[in-house]
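Below is one structure; the comments refer to it alone.
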Amino acid sequence: MSQKHHQAYQPLATAAAAMDNPAMSNSSSSSGSNDDVAGLEPHGLPATYSSQQLVASDFDSMERLRGNESVPTQPRAITVSQWFTVGVLCFVNLINYMDRFTIAGVLTDVKTDFGIDNDRAGLLQTAFVVSYMVFAPLFGYLGDRYPRRLLMAVGVTLWSTTTILGSFMHQFGWFLTFRAMVGIGEASYSTIAPTIISDLFVNSVRSQMLALFYFAIPVGSGLGYIVGSKTAHLANNWRWALRVTPILGLIAVVLIFLIKDPKRGASEASHNLQPTSFLTDVKELVKNRSFMLSTAGFTCVAFVAGALAWWGPTYIHMGLRMQPGNEDLQLDDMWWCPHAVQLPKPSKF
């Protein structure tokens with residue numbers, strides 16, 4: 001081998017070279033320049049082997065940048081504290097949607113009591129959705145910067161209080177106002193709770209826990225129909241239907257203060273996160289194509305499912321009453337399946 005080739009290949013001593021090529025760094029430190037020259041090919045390049053890593057992976061580079069912080073690659077055993085946290089969050093999410101769709105189960109009675117038509121009855125859900133939509137981004141912003149347990153507790157307290165106060169309103173305008181305030185309270189919880197689960201788990205475990213959390217949505221919605229209509233029937237007053245979930249909400253507030261609130265990005269070992277402005281967050285989200293498409297798709301789903309969930313019970317109730325023998329069928333005389341099919345009770349019940 002020529003002297004020219006011997007001088008062309010020298011082990012790099014800089015930290016940057018060691019980071020870019022760990023294999024080169026290891027060989028130079030263990031066997032020296034003479035061994036490196038011995039492994040040269042005729043063109044002056046070191047011999048390569050299938051098992052040799054010549055380029056650092058993204059994972060290795062991130063580990064070097066993070067220093068001593070470890071990046072979890074395998075899910076650890078779920079602790080009792082984590083299970084308790086997920087259980088509480090699922091429970092609160094369940095009563096959250098119970099409260100949201102309780103009115104749908106007694107909407108016919110609400111219309112009769114206030115003397116309103118379908119247009120004004122629809123405003124109850126419109127007021128809720130608008131306030132929810134406006135305040136959800138705000139609570140998402142606050143959730144990244146302030147104690148999440150406190151924000152969720154304030155939100156649950158707000159919607160529980162406004163729900164029970166609204167049940168005493170005898171003027172439709174005030175009832176509509178309190179319904180809008182319920183949307184503000186529920187926005188705080190729905191936007192913050194999933195982030196706690198994301199900070200507790202990684203990989204497939206995170207997906208499983210989020211699936212469990214969101215499974216409470218259809219279950220809670222169905223219970224809202226059932227509990228609302230049954231309570232109104234037993235109390236002979238639809239207003240009592242709105243006074244069930246606030247009691248559960250007060251229990252939820254106590255439980256929220258007992259859950260674990262991990263640091264932001266704790267599951268990803270990202271302890272050096274820096275707060276950014278709201279405008280910066282919005283700009284980054286707009287650039288995220290996956291986020292924008294997912295949001296658009298979910299909006300379409302909410303547009304259809306929301307209308308069905310709100311008007312479905314009333315619509316099917318009216319349809320069943322048109323059938324011979326069901327003229328006196330009441331709204332609470334029906335079995336309710338979440339968001340979908342409602343059937344008359346069996347006669348033996």
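Backbone N, Cα and C define each Cβ position, glycine as well.
Nobody curates TrEMBL annotations by hand; they come from automatic prediction.
Fair warning: this is a prediction, and the values are worked out from it, not measured in the lab.
Among the features that TrEMBL reports, region 'Disordered' is placed at 21-42.
The annotation compositional bias 'Low complexity' is assigned in TrEMBL to 21-37.
Under the heading transmembrane segment, TrEMBL lists 83-103 (among others). Sequence-distant contacts of the transmembrane segment (83-103) (same chain, at least 6 residues past either end, Cβ-Cβ under 8 Å): 110, 124, 128, 152, 156, 159-160, 163, 179, 182, 186, 189-190, 193, 196-197, 200, 209, 212-217, 219-221, 223-225, 227-228, 241-242, 244-246, 248-249, 252, 255-256, 258-260, 309-310.
Averaged over the domain 'Major facilitator superfamily (MFS) profile' (85-349), the predicted model has a pLDDT of 86. Sequence annotations record features per position, and here TrEMBL assigns domain 'Major facilitator superfamily (MFS) profile' to 85-349.
The annotation transmembrane segment is assigned in TrEMBL to 123-143 (among others).
Sequence-distant contacts of the transmembrane segment (150-170) (same chain, six or more residues past either end, CB-CB distance under 8 Å): 92, 96, 99, 139, 142-143, 178-179, 181-189, 192-193, 239-240, 242-243, 245-246, 249-250, 252-253, 256-257. Under the heading transmembrane segment, TrEMBL lists 150-170 (among others).
Residues or ranges marked as transmembrane segment in TrEMBL: 209-228 (among others). Note on the transmembrane segment (209-228): residues 86, 89-91, 93-106, 193-194, 197-198, 200-201, 241-242, 244-245, 309, 313, 336-339 of its chain, located 6 or more positions outside it, place their CB under 8 angstroms from a CB of the stretch.
For 240-259 (among others), the entry in TrEMBL reads transmembrane segment.
Taken from TrEMBL, the feature transmembrane segment applies to 291-312 (among others).
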Long-range CB partners for the transmembrane segment (240-259) (under 8 A, at least six residues beyond its ends), listed in sequence order, are 84-85, 88-89, 91-92, 95, 98-99, 102-103, 105-106, 149, 152-153, 156-157, 159-161, 163-164, 166-167, 196, 224, 227-229, 231-232, 234
